[in-house]
């Protein structure tokens, strides 16, 4: 996904320097760079959580972009909070949309660390559908809304074209991927820990069922967001070292979560990751968006 990635500015590598005297015989030493010093690799544990059930998940269409949780969605968020109350969380981030923000607030509310705060960012929001899609949904024309949102003719199957933008300010899958990619870069540079070797759980490809299992001493960032955004973020890792986007079957159900150990080489921009938990079986390509219940 290097064609989609906008990396954060990278500082110049530190260099080893050697003192030499100026050729004109002056005593002032000059520092001449000889060989770049290799930086250590960065490691981060990233947990991705989808919000609880929202109104649009029930009624099959998002007439309001910032819809709220249903009663069942609030119960799901509360269960998440109770299940994660003893999980070490170093940073808790969430989309600004209230269904994700509310879910994250429930996690913070029940957490054993009462100083844990939710940091919200607009960059984590779901793919914007555009006003034409929401207008069609408000008019009760779900078929037209689906056509406008997916960029496919009625009866046509397949994934949404990567550059297709729904009319009225909608986002293309590529734009969502770019946002997800930037989010991943920022998290790595801001919270990643420099190490000489990856943790044992990364090498052993440890798989977990409980959210309480974490590698010792590695920063743990939790991000609460939305299905398409989270799937694009996962695919950012999946295809990081490739020149083209690689669509997968990644799909997050409401209140579902995944966890990944990320191992990043700043010098070469090479990224590896190990899935400790995935939301479903991950394979290459299956159309992900077939209805509006995924928001």
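Just so you know, glycine gets a Cβ as well, placed from its N, Cα and C.
Keep in mind the model is a prediction, meaning the values are calculated, not measured.
The feature region 'Disordered', as given by TrEMBL for the ranges 149-172, 173-196, 197-220, sits at 149-172. Between residue 99 (substrate binding site) and residue 51 (active site, tele-phosphohistidine intermediate), the C-alpha separation comes to 6 Å. Sequence-distant neighbours of residue 52 (substrate binding site): residues of the same chain at least 6 apart with a C-beta under 8 Å from its C-beta are 69, 70, 72, 73, 74, 75, 76, 77, 80, 99, 102, 103, 254, 255.
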